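Working notes, structure below.
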């Protein structure tokens, strides 16, 4: 199971890298979101995937409660970053009239 | 932009309340099982987003004249406020308290300050999601 | 119970949130946010004294004992940086009163400045590596918003670059934390340090430390500085000053913390790598500083040189070098803010950004000119100004460690700093006055006041090196003996 999820994380990183390198701004932002989710899978995998009981109060072999807390925090942060970059992309679209990154290139002295 | 879509409008009116119920359920379930302020808030926000998409923004804002930026600010204030509240009682920052109370009609229930914190989180999520949606979709 | 050490982070957060409600009342917003920073200055001085008496302080959030809960740890190093960041923030705030457009002020400008400072102070104070990530993100999210204030084409382009670079580097940070958690099974920094010390720094841990090095190098602009000059030259002046003074320093702080507290055993690998990167940074920064004619770019490349210089101290890691790095870090926070404010003022009064288009400013703005000259001297390390003591101590450290290449590069780079700034001083302030007095925008009072505060800061830091040395030595001692930090965190109450 760990191997499969690790491969899935790898696939997500591949997809995200492809999107990050594309010219469309909206694709780049989707790429960053997917990249963060790959990291979440990695956090989940390093702590081990297993079925266990509730930690502290449950009886028997408990699962590690920390990774889900880390992932939730990171999801919230990723959500905020994606939201901010979407607004930024929208402002850029309003200003330039396109979401193509190569149209943004220009003389630095302008 | 007005789409005259009778089925969507009729269904949305119904589904809106189902989503709201789910949001409230998720929010309170979060105390001891999966759920909580963030997911409850997101579901609540999705209900509002559905309204904004199905009916247009002006109509909804007329019926629901709330500045969602302030909703987010108020939520953040609640959450941070519970952290500071602990200082007043001489405890460590962010210390949460809980106790059991006998309330008429409901019987014994557990009241916690974590719920205020989570409520703040939910309000932040609703406020931020709707604010961003509105700021992106303000013009044609 | 040390609830006071959470204040440098949570006070700005709380007030930032309250300011969201006070949107139309710009005057109130200004006063309150200035009061917060002044309060933070007072708190950090007080906490520094407490640390002198009682040793390193910690606060467990919610009463959860380490290593289970998250916590804040205040040692002298962290508090010295909190103090200097509060001073710089106050000065930049005074500058922005008279330079930021009212429309920005009504769009939550001060709230975001407060959140930025909260993130910076939180990163300095936290004792938990995941919390460090969270504080980094608070700081970066506010900086994403602040960098785009203005919304010109060039600004938007650089903001997009900045956001994407930082999202990718945050991703590497998250992966590095995941790996470290997988190997040592804890996130509390003192606890990680203890666990690594128990089993020795295995090759696995060393590889993870290099992943951390990559992250912080991206954030601090250590060799991976390609994004920095563009991003730091576009925002409005007070924001550029805050960025130049604080953002890279947080990366440097994280590097110091991580490589003195967690991964200190394999110095021939990690610290050699830092040394090589610092040397390349010094070379690249020096070339950049003399290559450009846009004064904002020259100032940005000066930030890069300083990053390289401070990390030379970490690379050799002798006691005097670490002490020198701490001095230089504090000096650089203040002087870079001053440099960016002066450069911004020059652009504001003339409307030009290239040095060959500005000339003879000293005739109409003598004070501005002499402040710039003072900054130049301080940056190049002329006694009795604040850059001197740091440079001497780092030099001493490199000689003691026998790394003469780093020594040579560090001091040659100082000459490049001097040259790049003297060139601005000579061409822009001297020469024929091409802009007549009535064409110029007059310098406002707030601009002069805030730059004067920082100039006094650099003089005071230079002259007051002796009384300050108590705190700096304490900070260096805690950095060099991780056990002090570990005992303070894990050794009961």
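Cβ from N, Cα, C; glycine included.
Across the domain 'Na+/H+ antiporter MnhB subunit-related protein' (B:7-131), mean pLDDT in this model comes to 87. The domain 'Na+/H+ antiporter MnhB subunit-related protein' annotation in TrEMBL covers B:7-131.
Through the fold, the transmembrane segment (B:12-31) approaches residues 37, 39-41, 43-44, 46-47, 50-51, 54-55, 112, 114-115, 118-119, 122 of its own chain, all at least 6 residues removed from its boundaries and within a Cβ separation under 8 Å. Positions annotated as transmembrane segment by TrEMBL: B:12-31 (among others).
Residues 1-2, 5, 8-9, 12, 15-16, 19-20, 22-24, 26-28, 30, 117-126, 129-130, 133-134, 137 of the same chain sit 6 or more residues outside the transmembrane segment (B:37-58) yet have a Cβ under 8 Å from a Cβ within it. Residues annotated as transmembrane segment in TrEMBL: B:37-58 (among others).
The transmembrane segment annotation in TrEMBL covers B:70-89 (among others).
Per TrEMBL, the feature transmembrane segment maps to B:109-136 (among others).
Proximity of distant same-chain residues to the transmembrane segment (B:70-89), defined by a Cβ-Cβ separation under 8 Å and at least 6 residues beyond the stretch ends, is recorded for 95-97, 113-114, 116-117, 119-128, 130-131.
Look at the domain 'Na+/H+ antiporter MnhB subunit-related protein' (B:7-131): DSSP puts its residues at 87 helix, 12 strand, 26 coil.
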